[in-house]
Each structure stands twice: as C-alpha cells, then as structure tokens.
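Listed features, source TrEMBL:
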- 42-82: domain 'Zinc finger-XS' (DOMAIN)
- 115-218: domain 'XS' (DOMAIN)
- 264-309: coiled coil (COILED)
- 342-370: region 'Disordered' (REGION)
- 381-477: coiled coil (COILED)
- 495-624: domain 'Factor of DNA methylation 1-5/IDN2' (DOMAIN)
Amino acid sequence: MECSSDESDLSDADIDDYADKSYMDLKSGKLVVRLGNEKFRCPFCLGKKKQDYRYNELLQHAIGVGTSNRAPKVKANHMALANLLKNNYANAAGSLPSRQVVAPSNPPRPLQDQEVYVWPWMGILANVPAEQTKGDGASLLQRLADFNPLQFTAVYCSEGRYTGYAVVRFSKDWIGFKNALAFQNHFKSQRLGKTDWTAHGQDKYICGWLAKEEDYKSGDPVGRFLSANGDLKTVSDLENDLSCKTETLIASLSHQITAKSKYLVELECKYNQMNLSIKRAMEETDLLHKRYNEEMRNMQSAAREHSQRIFQETDQLRKQLDDKENAIVRRSKQLSKFVAQTDMERRKLDSERKKNSEQNDSLHMARIEQQKSDKSVLQLVEKHKKEKEIALNKILQLEKQLDEKQKLELEIQQLRGRLRVVQHMEGEGVDVKKRTEELTKELNEKIEEMEDMEALNQALISKERKTNDELQDAKKELIQGLSDLLGPRSNIGIKRMGELDEKPFLIACKQRYGAAEAEIKAVEFCSKWQENLKDANWHPFKIVTRGGKTEQIINEDDEKLVGLKLQLGDEVYQAVTMALLEINEYNASGSYVVSELWNNKENRKASMQEALQHVLKQWKLQRRRR
C-alpha cells in the first residue's frame, strides 16, 4: 500500500472498502505510525523528505491528502490513517491546542484551486506611460522589486502602436505564485485592481492584476500575448503534475535502490567467495613455505656434514703430501751433493747466453720497425709540406689574378668614360668617329682580356677548392697518423674538441655522493651531458653585439644549464660550457666531437706548419739518440 501504486486498479466506488482494509492493517500493527510519545510518521509517504510529525500535523496531512484529487489508493490510505489517529491516538494531542481539524464528507474546493490562471504566472499592468517602458521597464521593475518580477514586456498592437498595457512575469514555482498574489493584492488594496480599472478607468494611475482565464481569452493584444507565451492551468492541475512527477521520481529511485541492493548482495557473495579462495590459497602457500623451509634445513644440514667430511679428508691428504714433500726435499739435498759444481755453472752460462741472444734479436727487430715508422712519418710530413706549399702558391696566384682582374675592370670603366666624352665633343675640331672607333676597339680588347682572365680565375678557384679539400683530407690523415706519437705532454698534440673532461664530474660526485658511488655517478652524468651536447635541437646561445660586431655567447639563463649548476656546481658548469663553445666553433653543424691539432703550450689551435715542424724536430732528436 504505497503512494506510488497503480491508479487504474481501484475505482472511486471502492475507496471506502479499500480504506477499511488499510485501517485494519494499521490497527494490527503491520504498518507503524507512532514512533514515540509525541512523534508520528506517515507509513504511506516514506519517500518524502519530512518523516517526523506531531499528532495534529499528521492528522492535517492525512485529512488533506484524503480529500484531494490524488490517486484513489492514496486517498483511501490517508483516509484510513485519519480514522486511526482520531479513534486510537486521540489522547496523543496532549497539551496541544484543542483545535480539531474535521474533514467534511464533501469538502468544497478552495477558490484559488478552482480559478484558472495563466501559467507561468503573469501580472498585467494597465495605463503604463510609454516613457516608463524604456530600458525594458527598469524603473517599473525597481518599483515592483518587493514582488521579485523576472521580466517586463510592453504590449504592442499588430500595427506596432503601444497599447498602454504591459506584462510582468514571475517565476514558475509556488514562490512565484505567492509573489504574483502579493502583486495583485498590492494593487487591489490601493483600489487599482482589475475591477477598479473596469469600473472607473483610472486614467491617472497604473493598475495591476494577476492574469487569468478571461484575460487569456479576451482576444485583444494582451490576450494574444498571453496565449502565445503561456497556458491556462488551475492550482490543482499544477499540484497533480508535481505529485505525478514526485511519484514517478520516487518509483524510479525505489527501483534503483532495489537494483543497487541486489548488486551489492551479488558483490558481497563474490567477495565472500573470493575471500574464501584467497584464504585457501594462503593456507596452501603457508604449507608450501613450511615444507620448503623444512627441506632447505635438511639440505643445509646434509651439505654441512658433507663439507665437514671433505675438510677432514683434505686435511689428511695435505698431511700426507707434506710428509712426501719433506722426504723428496731430503732426497734432493742428498743428490745435490753428488752433482759436479762445474756442470751446474756450465748450464747456467748457456742459459744466460741464450737469453741475451733472444733479447738482442728482439731489440734488432724493434729498431728495424722504428726505422720503418720514422721513414713513413717523414715521408708523410714531406708530402704534407709539399701539398701546403702548392696550396699557398695557388692562393698567391689567385690573389694575383684577382688584382689583374680588378685592374682590367678599372681600365674598362675608364675607356667607357673616355668613349662617352668623345661622343659629346663633336664640332670642336676632333675627329669623333675615328676616335670612337679606336676607343671601341681598345675597349673590346680589354673586355676579351677580362673574360679570359675570368675563365682562368674560375679554373683556379675550382682547383683551389679541390686543393683545399685535399689539404683537409691530408690534415685528417696527419691527425690520425700522429695520434700515437703526439701525447698530452708534448708542445703540439691532438685535442678532441667538444669532448667533456671527466675530472670535474668526479670531484663534484665525490662531494655529493661519497667515494663509494662517485665513479659510477660521474660516468652517468658525463655520458648524459655528452649526449646533450650531441643534440642539434639544443642550442643554448644568444646573439649580442660588441663593437659593432655580432657574436654568439652562452645563454646563462638556459634551463638545462641552470639545473646543472645547481646540481653539480660551477666546475662542471664551466666544463660543459667550454665543450659547447668548442663544438659551436669547430663543428656547429654536426654537433659531434672532432679532433684538432692543438698547441698545448699556448693553449690554442696549432697550424699545419707548427705540427710538421714539431714532428721533424722529434724525428731528428730520435735519430741523434740512436
């Protein structure tokens, strides 16, 4: 017997029978009504927010629902509840006021319930001056602020002429209805309501009233506006709509609660089954662990006994070997007394002579290999020296050709200027035609000479590029061939530009991670930053202008460099920035480490001439030592 029961299974004629049945259920205690001395509840409205009532409140609730236009079952249940409260719990009223609510057998509908209103709630204003409708009636809305209007709309006729009427909208809920009634009562109390407007016309004052059925169906501009923007409904209709929505919501929520409860029960069953299986698995695991530990103890005990047995046998064998060794030593001493001393010395001399001969042979082979190596290095040095001289001669020849080309261009420009001058000297006693032909012939000869010079210059430039490439290849070959001969202590050496020095990383890691992890951490950080240096997308430089020239410098605000400085200190920061500058200078496009001839003494790049001179000097010193 719930409020959400189906309305079609009970007719109005059977309400009294159904009410008697509900009354017997209430009286027998199947449905609980009283919760305490002064607390009651409605067993048919369990889904509503309010659950606790006093006696008079619950009695008014039961009578009100029992006499409403609700579903037949709902009315029958609440009529039975009202009879139970009157007959069985009348003494619970106590000291409350003795005012008793009696429901008439055929209660009349309240006037407001029977009246038909325009919904959403709207108020009509008449005799509104046109100037007060400006700005969406802001001034009028401010005067009516106590009634919380939502919108003001002036009404115009079909020709676009203002009719003097306006419509005020209120919210759609019961608070809006309350505000609309207060709006109507306000104008009615001042004798400016609809009846006053109809009777007297009230041309000087604004009149107002709540829009109803007769306004909706009037057919004038106000009626057309109301029919276009609202519907006709009674208060009972709205109550029934709200009640149906509430009952539908309660039924939906009840269905959801039932489904959730069923789902929770299923989850609880699954949880219990899973918990039981996990418990069994844990027990089996514990048993396996116990068996494993027992077997391990047995194996360790057997291994211990086996090891002790082996140690004992080894000690016995060691003693036997010691005894035999002592016996052999004693026997050897006895035999050595009988060996001739000369035989021993002869064997010793033969052995030493053999060793000396082998050492002399190895030294001779090493000397031969050294001579071959020196000869190949000298040949390579001479070859590089000749190639460098050829390249320098070609460069000088190119410079000479460039000077001659510039000289020819200057002479051609002078001849052209002289030719223009001669062309303007006609009539001054000069044979202009002859002079022009001479200058033109000389100019053409100079142009042909310059073209020949240009062709020769292009050939020399091409040959110079080829020679420069050969020189760079020779430089790489020289670096590769001298990598073993030139060390870090010599004046001229080979430096790998852009390669990080591990020493600052090792010092910083010892300070931060201790000696135990310093080497591993240093290698990790050094490898990581070497990879960062190879990253072509990372370019921590910024361009500045100094002395009218632009140059690239390290961007000290770079996020990676700032993090490195905070993490490992200034020395590591300096090592990384130095490697960055070297890569940017010697191999900016490739971003990888390159080998370069280096003057270790002056800490600068060494020329090919310096490297060749150093190699020749070292070769001459080695020849003198030999």
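Each residue's number is its place along the chain shown, starting with 1.
From the backbone N, Cα and C atoms, a Cβ is placed for every residue, glycine too.
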Using DSSP three-state counts, the residues of the domain 'XS' (115-218) come to 44 helix, 28 strand, 32 coil
Rounded mean pLDDT within the domain 'Factor of DNA methylation 1-5/IDN2' (495-624) lands at 82
Per-state residue totals over the domain 'Factor of DNA methylation 1-5/IDN2' (495-624) - DSSP helix, strand, coil: 77 helix, 23 strand, 30 coil
